[in-house]
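Asks: What follows is a structure written as structure tokens; I'll ask about it next.
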Amino acid sequence: MASLTAALATPAAAALLLLVLLAAPASAANFTCAVASGTTCKSAILYTSPNATTYGNLVARFNTTTLPDLLGANGLPDGTLSSAPVAANSTVKIPFRCRCNGDVGQSDRLPIYVVQPQDGLDAIARNVFNAFVTYQEIAAANNIPDPNKINVSQTLWIPLPCSCDKEEGSNVMHLAYSVGKGENTSAIAAKYGVTESTLLTRNKIDDPTKLQMGQILDVPLPVCRSSISDTSADHNLMLLPDGTYGFTAGNCIRCSCSSTTYQLNCTAVQNKGCPSVPLCNGTLKLGETNGTGCGSTTCAYSGYSNSSSLIIQTSLATNQTTACQRGGSGRSQFARSMWSMSVISFHMVLIIICFL
């Protein structure tokens, strides 16, 4: 390997290289997956582009997503061109499919990186992939016995960290986040709408004051509730956080998420070759709502099947917005309180009668 030969040209350079490799952590992150092995879901990393580039180049570099899904993951307009510029040092969410195996989550056989002249595994891990992965993890994933021996044009699977675990029983999308200079867990949690205690527990952090720059955190982002069936091929892939959108069912369905409702909003895309979308109860089109307030129902996307031909499924969904759920919970709690007060009052009356 040319880079290794150059590095070992002098004893001093060889010693420096050895120190760098020994100092590198064996694991960039410890993302656990408690779900069944083989489970897949949507995850992402928050990538910082070291140089000026374009969205099209990022799609090609990571090869884990399409341009429409990359734009959706970052809340950018649908019509944004692949040539649109990405400034140096700006951050972009890169979505990918996560697969859980043996209590560990890693990107599902992608991205694939082709070794270039002068490349080394540590440089690939740090400079190309923001140190979301270590050279040891790349070597292990590709069955490379000697990390110093890789060849130009060799293809490498880069195992990015991820998870498909739920958080307190709710679906989330796990974002791999690299801690910036001077950042703390409280500010990071507030930025992404999670509690600091959740962030600390998820990342097994006992002392938040010891957070280090470049440390990789698992940030479980809240996602919109959906009506997608567990039997649908995309039931774990449409995990959309606030302000994002995505395409599914052969790009025939577009779904978006907003924190105003936290309820997945899906509409049909009028693409050539897309099948007709069934009405709900014979009257409501996909995305249409009947009624108002917490008693309203919406024709929701519930998945697709594609055994012989693409079939899109819909179903009626009740209003599951946060406001309505809180209202229902509040009313139930109020009713229980009133019942308790009635029982207490009744017993007080009996006690008073006994003393008369």
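Using N, Cα and C of the backbone, Cβ positions are placed for all residues, glycine too.
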Asks: When you check Swiss-Prot, which of Cys98, Cys224, Cys252 turns out to share a disulphide bond with Cys162?
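Replies: Record-based pairing for Cys162: Cys98.
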Asks: Under a three-state reading of DSSP, tell me whether Cys100 (disulfide bond) is helix, strand or coil.
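Replies: DSSP assigns Cys100 (disulfide bond) to strand.
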Asks: List nothing but the one residue from Asn151, Asn265 whose Cβ has the fewest other Cβ atoms within 10 Å; the candidates are the glycosylation sites.
Replies: Asn151
Asks: In whole Å, note down how far the CA of Asn89 (N-linked glycosylation site) lies from the CA of Pro50 (chitin binding site).
Replies: 5
Asks: Between Leu211 (chitin binding site) and Cys224 (disulfide bond), what is the CA-CA distance rounded to a whole number of Å?
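Replies: About 30 Å separates the two Cα atoms.
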Asks: Secondary structure at Asn290 (N-linked glycosylation site) (DSSP, helix/strand/coil)?
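Replies: In three-state terms, Asn290 (N-linked glycosylation site) counts as strand.
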Asks: Enter the number of other CB atoms within 10 angstroms of the CB of Cys252 (disulfide bond).
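Replies: Within a 10 Å radius of the Cβ of Cys252 (disulfide bond) lie 19 other Cβ atoms.
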Asks: In whole Å, note down how far the CA of Cys274 (disulfide bond) lies from the CA of Asn306 (N-linked glycosylation site).
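Replies: Computed Cα spacing between Asn306 (N-linked glycosylation site) and Cys274 (disulfide bond) is 12 Å.
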